[in-house]
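**Q** Starting off with a structure, shown below.
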Amino acid sequence: MVEGKGFLVSSVTELHRKEKQKKKGKSGGFESLNLGPNVFNAIKKKGYKVPTPIQRKTMPLILSGVDVVAMARTGSGKTAAFLIPMLEKLKQHVPQGGVRALILSPTRDLAEQTLKFTKELGKFTDLRVSLLVGGDSMEDQFEELTKGPDVIIATPGRLMHLLSEVDDMTLRTVEYVVFDEADSLFGMGFAEQLHQILTQLSENRQTLLFSATLPSALAEFAKAGLREPQLVRLDVENKISPDLKLSFLTVRPEEKYSALLYLVREHISSDQQTLIFVSTKHHVEFVNSLFKLENIEPSVCYGDMDQDARKIHVSRFRARKTMLLIVTDIAARGIDIPLLDNVINWDFPPRPKIFVHRVGRAARAGRTGCAYSFVTPEDMPYMLDLHLFLSKPVRPAPTEDEVLKNMEEVMTKTSQAIDSGVTVYGRFPQKTIDLIFNRTREMIDSSAELDSLERTSTKAFRLYSKTKPSPSKESIRRAKDLPREGLHPIFRSIIETGELEAMSFFQKIKNFRPKQTILEAEGEVAKSKHVKGPAGQWVDVMKKKRAIHEEIINTRHQQNQKTSNNHLEMEAEPTTSFVDGTVEGSKVSGKKRKAQETFKDDEFFISSIPVNHHSEAGLSLRGNEGFGSNRLDAAVLDLVADDGQGIKQQQSNYHWDKKGKKYIKLNNGDRVTASGKIKTESGAKATAKKTGIYKRWQERSHKKVSRDSGDADETTRMSGRGGRDGKRRQGSVPNAHVRSEIKDLDQVRKERQQKANKVSYLQSKRGGRGGRGGARGGRGGGARGGRGGSRDFGGGGRDFGSSSDRGGRSGGRDFGGRRGGASTSSRGGKRGGGRGGGGKRGRGR
């Protein structure tokens with residue numbers, strides 16, 4: 001009975017425990033994933049309570065072992081979505097287990113950010129993580145590999161370099177592979193590196209692809225070796241955070257610096273952190289110098305920057321010691337600023353994907369943020385392409401005349417449109433910009449450094465513009481028909497009614513176009529002065545003709561306006577009006593007007609273009625060149641480089657190898673110097689083949705990277721012979737690094753040879769420095785005649801003279817005579833010893 005009662009109690013306890021687990025599972029927290037205590041405690045320590053939508057969708061799939069391709073907007077928690085399952089799968093360090101997880105990142109900064117996050121989530125585990133990125137010492141990375149890491153976080157270029165240098169390094173044990181920012185990795189920029197890395201991975205691996213911009217067509221990722229992958233795409237409609245406010249500000253190219261100073265000084269609060277994107281590193285240097293003259297201390301970051309300097313600048317910005325960070329696209333795709341308030345696109349991004357990655361830095365984790373984009377007249381087509389990609393309508397801000405007619409009604413309608421998701425673009429306050437522009441121009445002209453930097457940045461931007469993808473033809477056409485914009489709504493609060501009237505008056509002066517030609521004006525003057533001639537008659541004829549033509553033009557204009565309004569009302573979606581390209585008040589040609597008047601049955605009409613065509617085209621890897629261009633055969637990076645040299649190097653180059661008599665394909669950013677060396681992206685020169693740096697480090701440190709990546713204290717010591725035939729692995733012993741006293745055959749032979757050479761040298765030193773004699777006699781004694789000897793044994797060779805057919809040049813003072821040594825031959829040399837005595841010319845030394 002007791003046993004039965006105990007069994008009953010244990011069953012009830014087990015039942016209660018299972019019920020508690022079910023309740024926790026229904027809560028939607030991390031408890032429902034049944035994570036181990038080490039990982040779960042680290043998550044709680046980090047402060048996470050509920051998974052984000054992308055984590056809730058992907059983590060159960062990853063834990064089940066299937067391949068996953070996931071897309072979610074920037075700042076949605078994608079990094080934790082693949083790190084938490086990785087830590088749960090690996091659990092703990094396995095000696096002699098090799099590398100079990102590999103995370104590839106396109107940039108060094110993103111890899112460092114992932115490493116920091118991995119250490120925080122894996123703080124309660126003993127897993128070993130190594131970072132392999134460019135810019136760091138190769139010897140230090142060899143040392144990291146000898147410690148037997150379980151997880152490697154790397155960039156493709158450096159990992160490929162290490163694989164080529166270290167023969168014993170293998171990735172066959174990798175069972176968990178993550179491609180972070182997969183669209184950049186699988187773009188044409190890293191094709192060669194990834195091809196070599198993927199060939200060394202095991203086929204029995206789990207592959208994960210994560211990015212903020214991924215296409216739905218997984219055929220573009222065939223290189224990754226996906227096996228029945230699960231596609232998870234969140235926020236496809238809202239590619240940017242709904243808490244992010246977008247402001248598009250039109251400006252002339254020469255006024256962009258003035259507009260930036262005004263925005264930073266007057267509009268953005270001094271306690272808010274702002275990220276400023278520019279096109280090239282030359283613009284970074286110019287804007288940085290300009291800000292310093294204005295007593296503004298920014299931080300900078302660009303691709304060619306030294307790694308240590310980059311870390312210092314970014315860390316100062318993260319510590320809020322500086323409130324501005326000026327960056328390029330190349331450098332910024334890994335910088336994670338958790339509390340960023342504003343993003344300024346000083347140069348409008350040429351691709352919608354780049355815009356999403358830029359503005360995604362702000363408004364993270366439930367915070368609000370603002371994104372300001374400067375739009376020049378040349379950038380208007382790119383802005384329209386962007387809104388096609390975002391599926392958002394766009395309209396100009398109301399003009400000053402419209403605001404003055406009914407300010408309250410116009411402002412209310414504009415605010416309602418912005419709240420409903422419509423993008424409103426407008427101008428800066430021109431009067432304020434003009435004042436700042438004049439002062440900025442004086443500063444640049446008075447400073448030789450600023451003037452030089454401005455000219456350099458202008459040339460760099462000209463080259464940058466040549467490499468930009470072109471917008472779609474439809475957007476170019478629509479941009480020409482867009483009506484004039486007014487002052488942007490964000491500046492309404494600082495503009496008074498009197499200033500609005502002045503701005504309206506100035507705008508009317510700018511838009512004034514006289515109706516009369518110069519000939520008519522002269523005719524009017526002649527008519528007023530009562531000058532006789534045909535001029536007055538011409539004026540009357542032109543007035544009658546213009547009156548008739550104006551009536552016809554106004555009638556046709558009203559008809560076109562009615563047709564355009566009816567067409568816009570028939571459209572179901574607000575963005576389709578931009579696809580058709582009709583703008584209210586625009587003139588339409590006959591063919592286009594006829595096409596607009598055709599009836600389209602909403603019930604039976606099937607469009608040849610998908611509804612999400614523009615969105616998928618912008619996400620596609622093949623669409624990296626933009627909406628308006630075809631795919632190029634040349635390998636072009638997703639991001640345009642930030643300097644002129646980098647722009648030229650973004651195409652794959654081939655170098656003729658004279659020794660191998662074949663072409664060698666160089667990686668992007670590499671070039672061959674006159675000495676046959678490759679100059680890598682970091683600026684370091686390296687030979688085209690294996691450099692041997694690993695072997696030199698191996699000889700110096702007496703360590704090695706074993707094929708199974710064992711522990712450093714057990715397998716990396718290379719003491720003497722290392723056991724029988726090098727197969728028996730011994731533990732750490734005292735003085736294991738000391739060189740063995742047992743010499744092998746080569747060492748004994750080398751030592752004997754050195755000893756024999758030493759004896760020979762000493763003998764020759766004693767007998768007159770050796771001999772160059774022989775068949776022709778030397779200068780002194782020795783077996784073959786030497787150059788000369790000592791005073792007593794100068795000719796001390798065979799028979800105390802020269803044993804050659806020709807006597808030596810000089811002998812000693814006692815044995816050979818002063819004027820020549822004795823010759824044992826019947827023929828005495830002319831310069832050596834004679835037949836019986838001294839030579840004719842030989843003179844003893």
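Glycine residues also receive a Cβ, built from the backbone N, Cα and C atoms like all the rest.
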**Q** Swiss-Prot lists motif 'DEAD box' for one of the ranges 180-183, 228-231, 580-583; which is that range?
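**A** Per Swiss-Prot, the stretch marked motif 'DEAD box' is 180-183.
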**Q** Which stretch does Swiss-Prot mark as motif 'Q motif', out of 28-56, 434-462, 492-520, 521-549?
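**A** Of the candidate stretches, Swiss-Prot labels 28-56 as motif 'Q motif'.
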**Q** Find, among the binding-site residues listed as Gly75, Gly77, the one whose Cβ has the highest number of other Cβ atoms within 10 Å in the structure shown.
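**A** Checking each of Gly75, Gly77, the winner is Gly75.
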**Q** With every protein chain in view, what's the tally of Cβ atoms within 10 Å of the Cβ of Lys78 (ATP binding site), excluding that atom itself?
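**A** If we count other Cβ atoms within 10 Å of Lys78 (ATP binding site), we arrive at 23.
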**Q** Let's see if you can do this one: DSSP helix, strand and coil counts over the motif 'Q motif' (28-56), in that order.
**A** 18 helix, 0 strand, 11 coil
**Q** Taking the centroid of the Cβ atoms of Ala72, Arg73, Thr74, Gly75, Ser76, Gly77, Lys78, Thr79 as the ATP site, which other residues of that chain lie with their Cβ within 8 Å of it, listed in sequence order?
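**A** Leaving out the recorded residues gives Thr52, Ile54, Ala212, Gly360.
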**Q** Return the count of C-beta atoms lying within 10 angstroms of the C-beta of Thr74 (ATP binding site), excluding that atom itself.
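**A** Other Cβ atoms within 10 Å of Thr74 (ATP binding site): 22.
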**Q** Return the count of C-beta atoms lying within 10 angstroms of the C-beta of Ala72 (ATP binding site), excluding that atom itself.
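**A** There are 25 such Cβ atoms around Ala72 (ATP binding site).
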**Q** Please report the number of other Cβ atoms within 10 Å of the Cβ of Thr79 (ATP binding site).
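**A** Thr79 (ATP binding site) is surrounded by 20 other Cβ atoms within 10 Å.
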